[in-house]
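Chemist: Below you'll find the structure I mean.
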Amino acid sequence: PPAALALLCSSVAAVVVWKWLGKKQIQKKMEEARRTRDEGVKKMAKAVQQFREQVPSVQRDAILSLPLLELTGRLREGSLSPKTVLYTYLEKALEVTQQTNCLRHFIPECEEQLQEIQQQREKGLLYGIPVSIKDHIGHKGHLSTCGLVQCLGTPVQEDSVLVKVLKRQGAIPFAMTNVPQSLFNYDCSNPIFGQTLNPFNHQKSPGGSSGGEGALIAGGGSILGIGSDIGGSIRLPSSFCGLCGLKPTAERLRGGPVCLLNMDVCSRPTPVPCALGPMARDVDSLALCMKALLCQEMFQLDPTVPPIPFDEEVYSSSAPLRVGYYDTDGYFPLPPCMRRAVREAGGALQAAGHQLVPFSPPRIPYVMTELFLKTFFADGGRAWLDVFTGDIVDPSLKPQVNCCKIPRLGKKLLALILKPLVTIPPPLKALATISTCRSVKEMWNHHHQIQVYRIEFIARWRELQLDVVLCPVLGPAFTTGYPGKLLTAISSTMLYNVLNFPAGVVPVSTVTEADEEELKLYHGCCDDPWDRTLKEAVAGAVGLPVAVQCVALPWREELCLRLMKEVETLSREK
């Protein structure tokens, strides 16, 4: 009847108008956030200009070239002033973010912190050092957005524990860096603040989710940064950008409050915990940062952090190490240059007197599918999809979002079809056969299986009497947009999140013309679409950094850093 038809048409029109108004509201919020960011950049540029006019004789390049240990020494002895160092790095950060879009926001209170540290009776280990922090690490008066429109409303009410400790040690947090939307991506793009670029090649990604940190430090705009890691989010940007980065045992450091809506992947309590850790240009900088953070202030502010100070004796030891090594985990074959890096680093370690032992991590396909992915998609991805309610999904996340939107029945049918097939590529099988936890009992069993695997892994480690492990990390830097197409390529880093082992990345080489030629012959696991996509992602990387990964048992961060330092020293000598 005409009346019913008119009612239907008006209802459809109302829904269309309602959705249009909703999108307009989202666009308005994003534009306001970008405008606030741009105004902050202009104010900081003005402050830097005023400083340059007042002190025109500053030798900027000389200051920027100083390693962290030398810079701290110069600041403590008084031959450099904290103000000079701060404004030098602010000026450089302005240049780097103009080229790479790595900053989400400057922290104007850095000038207040500058005054406060000069009144402290004792100079902390990081006295006068400008430090950048990842977007979701809470700083009083600033947003922790996680790249989500829902998080644009309310500023953080107090500094996170980690920021408080940094300030107590004399550091000056001066910038918050960009992240991918929801942090669940190893590219670095979100609809609010846009795509961050790799400073060495603007066609390439800086990695993620600590990609803003990676780009800023690699570009020279920060000397020390704090990131977080739940699948490789410190180690992948370090690999892509040629930095040193450490993912500690998750409970060794605490950050305090993150995204206020508890919607990012680092906020939820899971059996695969999120770890906070440092990123810098060299291993000694990471060690100094850990030494500064593992102090009484940290242990008092958060009693759940074990009161274990940094063990300088272990880090500085010269005793030979028994090093397990492998150049592939047998799940997602990495490009030839990354495997070459492990072999060369292993050879250098052996020549230096360390003992190398072949090591094979057990059951990686099982770990990737049944332990890691199931942890985050135990509910079929519904909680993660809720993050995007009233938001615009970033293009780099659409493959994962669309996968989660497949109805449960569709996923079951796909799993039934693909599970029996032996020749199906691991990435497709992984995504197709992710099972959900349908009851509390199943969830407890899932947690138990993770513990069982950790026990199995440690038993194999102990059986070989290993001190540490040398292994590959994903790289070199992907072309922007490709990380979202290859979620399962992160098996090399993901493993040590499931195990909750400390793991660090150190650059050892660069991509050569010979590597690029060898890449043309790369077939991966099955020469399937995933292998071909990886080949496309890393092509055109001549001159970009190549890194390796170093691993130790839980709570042995100092031993992990010791191996990283050995590898760094040997690669620099070469």
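Keep in mind that glycine also has a Cβ here, set from the backbone N, Cα and C atoms.
Here's the feature list from TrEMBL:
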ACT_SITE  K134  active site, charge relay system
ACT_SITE  S209  active site, charge relay system
ACT_SITE  S233  active site, acyl-ester intermediate
BINDING   L183, S209, I230, G231, G232, S233  substrate binding site
DOMAIN    85-561  domain 'Amidase'
Chemist: Please find, for L183, S209, I230, G231, G232, S233 as listed binding substrate, the greatest distance between any two Cα atoms, in Å.
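Modeler: The span, Cα to Cα at its widest, is 11 Å.
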Chemist: K134 (active site, charge relay system) to I230 (substrate binding site): how many Å between their Cα atoms?
Modeler: 14
Chemist: For the domain 'Amidase' (85-561), what's the model's average pLDDT?
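Modeler: Per the prediction, mean pLDDT sits at 92 for the domain 'Amidase' (85-561).
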Chemist: List the Cα distance (Å, whole number) between G231 (substrate binding site) and S209 (active site, charge relay system).
Modeler: 9
Chemist: Hey, how far is L183 (substrate binding site) from the residue listed as 'active site, acyl-ester intermediate', Cα to Cα, in Å?
Modeler: 9
Chemist: Out of I230, G232, S233, the recorded positions in the record, which is closest to S209 (active site, charge relay system) when you go by Cα distance?
Modeler: S233
Chemist: What residue among the binding-site residues L183, I230 has the most other CB atoms lying within 10 A of its CB?
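Modeler: Its Cβ has the most other Cβ atoms within 10 Å: L183.
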